[in-house]
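Annotation source Swiss-Prot lists GTP binding site at 12-18, 40-42, Arg304, 330-332, 412-414. Look at Swiss-Prot and you will find Asp13, Gly40 tagged as Mg(2+) binding site, backed by sequence analysis. What Swiss-Prot lists as IMP binding site is Asp13, Glu14, Gly15, Lys16, Asn38, Ala39, Gly40, His41, Thr129, Arg143, Gln223, Thr238, Arg302, and the listing cites sequence analysis. Summarising the annotation, Swiss-Prot assigns active site, proton acceptor to Asp13. What Swiss-Prot records for His41 is active site, proton donor. The substrate binding site annotation in Swiss-Prot covers Thr298, Val299, Thr300, Gly301, Arg302, Lys303, Arg304 and is backed by sequence analysis.
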Amino acid sequence: MANVTVIGAQWGDEGKGKIVDWLASRADAVVRFQGGHNAGHTLVVGEQVYKLSLLPSGIVTGTLSIIGNGVVLDPWALKAEIEKLTGQGVEINAENFAIADNCPLILPLHRDLDGLREQAAGAGKIGTTGRGIGPAYEDKVGRRAIRVCDLAHLDALDAQLDRLCAHHDALRAGFGQPPVDRAALIEELREIAPYVLQFAQPVWKRLNTVRKAGARILFEGAQGVLLDVDHGTYPFVTSSNTVSGTAASGSGLGPAQTGFVLGIVKAYTTRVGSGPFPTELEDETGQRLGERGHEFGTVTGRKRRCGWFDAVLVRQSCAISGVTGIALTKLDVLDGFEKVKICTGYRLRGKVLDYFPSHAADQAEVEPIYEEMDGWSGTTAGARSWADLPAQAIKYIQRVQELIETPVALVSTSPEREDTILVRDPFVD
């Protein structure tokens, strides 16, 4: 049975939630494999709108939903999100939801450190969500992390807390802050532990069991390839690997099981926070894209920066992540533009580049080379077949897939699950 891995092929916010929701309705299991509660997903099912930050999108449809070991978990944010969804009528229990017992925890001290660093950085800040994601990953790599399984052994946590607090106390002192209140931290963990542990298990084992039974598994990526800690616009990146290869290491299944890689691509480009953005439009056109696309973050509410489609960046993302096909989203936002542009290359100090350079100084200086196309006056909103699309919109889609050297598998024409043009079904072998 075919599996599917969904990743964002830009800077996140590509519309993954709707696509994952559509795929999740046909999957037997949905797995989050990286990131934390810093990446928002908005799902629209009928008249109901669900906003998720941590839980896999499959939870809304009752599909087995799993948080893998590659995620960093804020247990208090988890509880709040579950309570919000159950209030909307979503049933969540140990049968349809599981957390990897080796998943690292985000603690209050991580949120503290995140905020202190951003505040101290001033104009040079990265633009994190301030939710402790980065510091939690640092402690994981530094072998200081407290993990979900540790919640069952809080009385044996002294040595781990010694290492963790020694590290954070030194950092906090540098910011003029008092040491970590260990007693308060232990008490908070003791209170939340039973809630989290009811869902904890070796999820690699459960995934292996459902895989052997022929289940369709959907691996749900967060953010986007251009925010990958290795391949993104460093240092303006997230703290995890967002490429498709992480689906294996972040879930406990081998790379051969990750299946069809579906890259989610917005028909234009957006970015939240600081960092290079070659096609950014700081004019009326950029404002029009933002207003029509409702470009505000699900988690932070921050206004997104907007610009024309960058084929160079998306081609690079697709190559790095081994994308099999893309889902092109929010095409309807371009409806009514007399002309539309696509970035096909860059100029940098007299040279033409067909890739995005690695150094921050070069990234900041590249100038986009545009190809201009006629726009379309008709609407693409709600289209469910090629026959519903204006001819020029079809030409735009064809040009996008030519330039990114990756075929279009489906086109999304509204937030509604049914408003999708299917070219190739990712779940079909």
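Cβ atoms are placed via backbone N, Cα and C, with glycine included.
Where Swiss-Prot records a feature, it is marked here on the structure.
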residue	record	Cβ contacts under 8 Å, 6 or more apart
Gly12	GTP binding site	Ala39, Ala222, Gln223, Gly224, Leu227, Val272
Gly15	GTP binding site	Ile264, Lys266, Ala327, Thr329, Lys330, Ser412, Pro415
Lys18	GTP binding site	Thr42, Leu43, Val44, Thr329, Ser412, Pro415, Glu416, Arg417
Arg302	IMP binding site	Val272, Gly273, Phe296
Leu331	GTP binding site	Ala267, Thr380, Ala393, Tyr396, Ile397, Val411, Ser412, Thr413
Inter-residue Cα distance where the pair is Arg304 (substrate binding site) and Asp13 (Mg(2+) binding site), in Å | 9
Smallest number of other CB atoms within 10 Å: among the recorded positions His41, Lys303, Arg304, that is Lys303
Would you identify the secondary structure of the residue listed as 'active site, proton donor' according to DSSP, in three states?
-> strand
Considering only the recorded positions Gly40, His41, Lys303, which residue has the minimal Cα-Cα separation from Thr129 (IMP binding site)?
-> Gly40
The residue listed as 'active site, proton donor' to Lys303 (substrate binding site), Cα to Cα, whole Å, comes out at 16
Maximum Cα-Cα separation in Å among residues Asp13, Glu14, Gly15, Lys16, Asn38, Ala39, Gly40, His41, Thr129, Arg143, Gln223, Thr238, Arg302, which the record lists as binding IMP = 34
Asn38 (IMP binding site) to Arg304 (substrate binding site): how many Å between their Cα atoms?
-> 15
One should report the C-alpha separation between Gly40 (Mg(2+) binding site) and Arg304 (substrate binding site), rounded to whole angstrom, as 13
For the binding-site residues Thr42, Thr129, the one whose C-beta sees the most other C-beta atoms within 10 angstroms = Thr129
Candidate with the highest Cβ count within 10 Å, taken from the binding-site residues Asn38, Gln223, Thr413 | Asn38
Which three-state DSSP class does Leu331 (GTP binding site) fall into?
-> helix
